[in-house]
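Annotated features, as they stand in TrEMBL:
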type	residues	note
TRANSMEM	7-26	transmembrane segment
TRANSMEM	46-63	transmembrane segment
TRANSMEM	75-98	transmembrane segment
TRANSMEM	118-138	transmembrane segment
TRANSMEM	145-162	transmembrane segment
TRANSMEM	192-212	transmembrane segment
TRANSMEM	224-247	transmembrane segment
TRANSMEM	253-277	transmembrane segment
TRANSMEM	289-309	transmembrane segment
TRANSMEM	321-341	transmembrane segment
DOMAIN	582-661	domain 'Histidine kinase/HSP90-like ATPase'
Amino acid sequence: MDARRARWVATSVVTIEVALLSVGLVSDRLLVRAGRADLASFGPDTWVLILGIASAALVGVAITRSQPWHPVGWLFLALSATILVSGPLEAWIEWGSIVHPGSLPATGVVAAVNDATWIPWFVLVALVLLLTPTGTFLSPRWRNLARVVTAAGVVAFVLSLFKTDPFERPFQDVENPWAVPAIQPAAAWIEYGLVLVVAAGLVGAGLSLLLRWRRARGEERRQLLWLALVVVPLPVFVVGAFVAAHAESQAGTVLATGGFVVLVPVAAGLSITRYHLYDVERVLARTTTYVVLSLLLIGTYALVVWFAARGAQRWSTSPAIAATLGALAAAAIAAPAHRAIQDLIDRRFNRRRYEAVRLVGAELADQRAGRDLEALFRRALEDPAVTVAYPGPEPGTWVGGAGLPAPGMAAWHDVERHGRIVARVGFDAGRTDVEVVRAVARLAAAELDNAGLRAELARRLDDVERSRRRLADAQRDERRRIERDLHDGAQQRLLAMAFELRSADLSGDTERMRSALAAGATAAQSAVRELRELANGLHPAALTDGGLPAALDDLARHSPLRLELDVQVGRLDPAVEFTAWLVIGEALVNAQKHSHATRVRVGVATQDLALGIAVCDDGRGGANPDGPGLRGMRDRVEAAGGTLEIVSGAGSGTTIRAELPCVS
């Protein structure tokens, strides 16, 4: 059957079921108006069956729409229909035999059919369990079990039509026109035995799920875990239904069968549709853990209270003491019992979490330095997409274990220790449960904290290495510039002067010799001036003689910009003074050359064994902090053990703040 036809059939079945349910509601309303509210079907217990009908129908439609070839979807639609049909049948009997006797035909036949409609429920549920989640039987042996259960159910249904026993209340006075006294009581005993076969087949179908789960691997194994919601309470529901039926308790029968019918479609639907496969282990483990823990705590409380109450009677103490002792005992064992039960349950149901925690714990117990936590987490979580990142130098930035920027993460878990985030673990949410990630990360929080410190150290060492390379490159470029200036300036002048003097000397002309000497003196003065300017650029004489205040005053006199100086320092360490002078000089060059500023404020002061420098211009701003000039300035400051901050908004000028360690 193709998907389109399957959708049409499933929708038609559900439409008919809604119509039948409406007929039942209308019939109940009419019974109330006729003064027979005692015959109304929709009591509190009936709503359990209605919930089962709804869950079976909705899951059946969902499966047939997505997987029309899957037999379980059609079995659920059949199950919902067989449960629902009993409502209109009962309404027919009530009107035709009790409210208006003789008004409707074949009430006895309808009563006989209605009395046996519960048998197909168990047959259909058994087939559902045998075919979930793949739609095929586990083996030919289990196919034979399905045939036996189906045959037993059909024969039991047919034999039930011919029984001579009175129908259940309130139809005990309705005669069965198909009753055959000649085959009784043998037929009744055979029917009873066949019903037991159906019940045993239902339990066997549950066992087939356990066997299928033990043989399954990967996704199919997780699919089957949803069916644990059915298999675990299956014996309780089956026994409860038979006990209630034997005791002729309609409410008990409805609750036992209806509750089971509600669970089966939900669990099977989750299994077949692969809904949240990677959450099923966590759901089952958490649910089972808290159920077992609750029972243990309740039992402990009750036991302690019972013994304490007996002691209270003997020693005439207050009963409140018994309750207090029970509460204290339960509270005392709660935490260790939770850990022990969680470990035991995880080993059985949440195997991924158990194995991951066990592997990480074993690795951490080995006191080995330089452990690769990212590789460990990938192995423990069975997720090659796992990445481990640590807080970077700026807020919102993350670095890897080597100190380099970390890649982006689609899903992650932040690991906290002592109230601060020490690491971020990224993973593939499609294959890894965040609860498992949280468990292994919590276990390795201390190691992640240490790894984060190592990553920060690696990042700083990398910054220092790159800064050293940039400083070496800058020094090499500066040396080449000095060589070029000497070659093109003073060296050329001195060579020209020497050539001119030698030429005049060889000519023997006194006037030419006098003129050459005068020109040589002028050239020598120019060369000396160029050499002085070059030396002053490398280390100004004013800085050597008068310190930073004198050097900045000299700089202000020769600068084309209007400088406003606020220098509140005396003599400092020569290395600190030279670094500060270079930073201020580079900032002024940038303000004139790139920012096109007209006015610059320079502030220098010492505080707490640190020299603070601030250079603010009124230029156009927008400076790139990673540009070669500012990057070199930062390298120079960091090489001296200081820090540099650059604020340069577009249109609002540039502010450079540096802080250098010093002893004033």
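Cβ coordinates come from backbone N, Cα and C, glycine included.
Of the ranges 7-26, 145-162, 289-309, 321-341, the one with the most Cβ pairs under 8 Å to the transmembrane segment (118-138) is 145-162.
A Cβ distance under 8 Å defines the sequence-distant neighbours of the transmembrane segment (7-26), meaning residues of its chain 6+ beyond its ends; these are 1, 41-42, 50, 53, 57, 60-61, 64-65, 68, 73, 77, 80-81, 84-85, 87-88, 91.
Taking H, G and I as helix, E and B as strand and the rest as coil, DSSP gives the domain 'Histidine kinase/HSP90-like ATPase' (582-661) the counts 24 helix, 29 strand, 27 coil.
Mean per-residue pLDDT, taken over the domain 'Histidine kinase/HSP90-like ATPase' (582-661), amounts to 86.
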